[in-house]
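A short worksheet on the structure shown next.
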Amino acid sequence: MMNHKELVLFAVVCLSLYQAVEPSQDVVKDMSLNFRKGLDACKKELNLPDTINADFNRFWNDDHVVTNRDTGCAIMCLSSKLELVTDTGLHHGNTLEYAKQHGADETVAQQIVDLLHTCAQAVPDLQDTCMKVLEWAKCFKAEIHKLNWAPSAEVMAAEMLAEV
């Protein structure tokens, strides 16, 4: 049984963890909404079908599995436009700044970069760049869900409707 001091300490730790999760969800939400702004341009440039919109709309849904190669191509195009990647992989500095621009503090921004870097290293070395990026994105999504940083489907839908 916990004494009063232990109980207070436990409550403080739980509260601080909760407060860390909510702002992180906001960061991921804001990053995602900004990330997809160039989607129409990428679809036009790469002649991608409108069917990939569903993958972007439902990306953070835990039950949605992204398998469409075209979605990987769009993610690569968007990442390039935002200068988050180079020919050799993730641009750590630009990605760190991108996260900070969307509300992340230094710690959260670095954790996002670390997750992306870890996922980049973890995916198989596929010859098809679009499929490799798709696997990278799926890994990142899974890691964000483990941290409970994924924005809810309801919040994302409301934000997307508000932008229309």
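Each residue, glycine too, has its Cβ placed from N, Cα and C.
Keep in mind it's a predicted model, so treat the numbers as computed, not measured.
What Swiss-Prot says about this one:
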- 1-23: signal peptide (SIGNAL)
- C42-C77: disulfide bond (DISULFID)
- C73-C130: disulfide bond (DISULFID)
- C119-C139: disulfide bond (DISULFID)
Cα of C42 (disulfide bond) to Cα of C139 (disulfide bond): how many Å, rounded?
-> 22
Rounded to the nearest Å - Cα separation of C77 (disulfide bond) and C130 (disulfide bond) = 9
Let me know how many other Cβ atoms fall within 10 Å of the Cβ of C119 (disulfide bond).
-> 19
Return the residues near C73 (disulfide bond), defined as same-chain residues 6+ apart in sequence whose C-beta is under 8 angstroms from its C-beta, sorted by sequence, else 'none'.
-> C42, L46, L48, T129, C130, V133
